[in-house]
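Below is one structure, written out as structure tokens, with a few remarks after it.
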């Protein structure tokens, strides 16, 4: 009973315990998968997957249902285990004076390094804004890749919790596939619209290395839950996510330097940190949209083109896979059809990345504020 009261007190008063609420996301996903599996198991019907029909019998355990139950059980068990481990860490942590809860929960961020010489360039009324000191490419890349500056050794548990949450979000959004995008010659393709945005967000949460691991792991979990895909298409999705992630990182953070700027505002001899999008930063964000959208859209379209050849194993049957009528001169061996195919898919996927980047721009400040609030950045 005393242990329970102590745990409740820690959860209420310890500021770092708020991060444990993020585990509610994988918990909700696992319960949703279990419910989905139970509904499949207890009902019968005909499911239209677009390219084939799935006949389901009541109370007959299929491979899809078995995989769903196993994955959901593993996610649920890991979530409960991480929550228990987090509670144990809270109880084992150093005790503080609970008579001053506000002081006990304070987690001030370290003061930013400022360049006072830049004060004249950021004069806003009575406020003097100092820009943060710039880092060299090698120093910033090492910091972003390993994420060392975002987590101390004591907070490694929080990194694993966040990785689990981001994998769950990426997996859930990868299930939202947009089918029936009609191509000019009458066939259609389907693509995933939202999951790449999670990778853009994850860079400033867990670092580039951990985000790359998320991009590698998620497509294979998706294959387990939705086995209508082939391993070759899974390799394509994995490779595409990795390439897009690194292209976005180098173009956005290094070539155009479009990241929101961290500044320190001095008011009445007191320093206040804030995030500012200067005019130069806004222009850089707009310019970064063009190459990232076009390059990533072309790479994903080219991946679809190569993937069909790999899946079918021979060039002559490509038309039967992509074009339903199998008419003469309608396959992807014809150079004109190849150009039309790549132009169409590049346009579609460029629009996809445009919306994802605009979404990332809209939440970028919130991402960094959350990271600072939990001491992650």
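Including glycine, each Cβ sits where the backbone N, Cα and C put it.
Note that this is a predicted model, so its numbers are computed, not measured.
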Quiz item: Of 134-154, 197-217, which range does Swiss-Prot call transmembrane segment?
Solution: 197-217
Practice problem: Have a look at 100-120, 163-183 and point to the one annotated transmembrane segment in Swiss-Prot. | Solution: 163-183
Quiz item: Of 292-312, 313-333, which span is tagged transmembrane segment by Swiss-Prot?
Solution: 292-312
Quiz prompt | transmembrane segment range according to Swiss-Prot, out of 45-65, 66-86 | solution = 66-86
Quiz prompt | Criterion met for the transmembrane segment (66-86) and the transmembrane segment (21-41) (at least three Cβ pairs under 8 Å) | solution = yes
Quiz item: Any residues 6+ beyond the ends of the transmembrane segment (236-256) with a Cβ under 8 Å from its own?
Solution: 137, 140-141, 144, 174, 192, 195-196, 199-200, 203, 208, 211-212, 215-216, 218-220, 222, 284-285, 287-288, 291-292, 295-296, 299-300, 303-304, 306-307, 353, 357
